[in-house]
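In TrEMBL this protein carries:
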- 6-25: transmembrane segment (TRANSMEM)
- 45-66: transmembrane segment (TRANSMEM)
- 72-98: transmembrane segment (TRANSMEM)
- 105-125: transmembrane segment (TRANSMEM)
- 145-165: transmembrane segment (TRANSMEM)
- 172-197: transmembrane segment (TRANSMEM)
- 209-229: transmembrane segment (TRANSMEM)
- 241-262: transmembrane segment (TRANSMEM)
Amino acid sequence: MYSSNLKGFILAMVSSAFIGSSFIIKKKGLRRAGVNGPRASVGGYGYLLEPLWWIGMITMIVGEIANFVAYIYAPAVLVTPLGALSIIVSAVLAHFMLKEKLQKMGTLGCLLCIVGSTVIVLHAPEEESLSSVEQIWELAIQPAFLLYTAAAVAITLVLVLHCAPRCGQTNIMVYIGICSIIGSLTVMSIKAIGIAIELTLEGTNQLKYFQTWIFAMVAITCIITQLNYLNMALDTFNTAVVSPIYYALFTSFTILASAIMFKDYSGQSASSIASELCGFITVLSGTAILHSTREPDPPIITDLYTPISPRVSWYIQGNGELWKQKDEDGSPPTFITILRQDYFKIWFLARRL
């Protein structure tokens, strides 16, 4: 068991490094794409033509593959919380590459994430051995997990159809909520596929079962949905805010889904469960500190009347000519006269700008 968990731990570490880096690379790609066309946050897909975004995408795929294999060897309650390491990678790289300042308290947040992850690893439960995809299917159709799945789909539809069009651009929880809830179903499907592949490679063909293909279709659908709304979240909000909140929600829902479907905590002592919960709370505390110590992205300029710089002011003189003065050069003119007959001339000049 410990050898299997160790393999899962190493793969989860590798996965976190790649996924944390992918956030930064994709963010830079999204910024470049937003210069030449509609941003992803407003429904634009210009980032698909941006090579840097694809490099970030490939990096994320490599990380997800490592994560995929980690779920074969270790339970979700061990692998998923280790995603906290991707937050540390993302925060540090954002500090140097995106100029999103990491304050001193952010370092404490990173340390708490490491400590919490260590506690979780030391008290990870032993996973039940499964011999066929049909066994996994029986776990997936048990009433408790079907109820969770129905609730997850219903909440996601409400967020996508009702909340996203109305407040998705202002409320970070909308896009990340969609990614996190759907992500828990993604992990359950990927774990089933991983076990099916492992059993097939060992000589027991699992591809002949229709359940394997159902899990595959669910995983593909969920992954596409996650990527779409994660791109929208990254393009709308600060990376250092998106990463920890996404991690906290995604991990919480995944642990809940795994506990319901695979009964991870069955047979564990109360002290082990309490230790894992303490470790998870410690990780959440670290992500909360990271979130609270980061500055939000500046507002996006959407019209001609937004100042070009917070230190530059534009004034219209009585003759209709434009005059610019930087704040540091001195105080603005004390008297500005705008004649009524110059109204249309001023309007024309504003349109030219």
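A Cβ is built for glycine as well, from the same backbone N, Cα and C atoms used for every other residue.
The highest tally of CB pairs under 8 A with the transmembrane segment (6-25), across 45-66, 72-98, 172-197, 241-262, is held by 72-98. Stretch with the largest number of CB pairs closer than 8 A to the transmembrane segment (209-229), among 72-98, 105-125, 172-197: 172-197.
Counting Cβ pairs under 8 Å to the transmembrane segment (172-197), the top-ranked stretch among 72-98, 105-125, 145-165, 241-262 is 241-262. Scored on C-beta pairs under 8 angstroms, the neighbour of the transmembrane segment (105-125) with the top count among 72-98, 145-165, 241-262 is 72-98.
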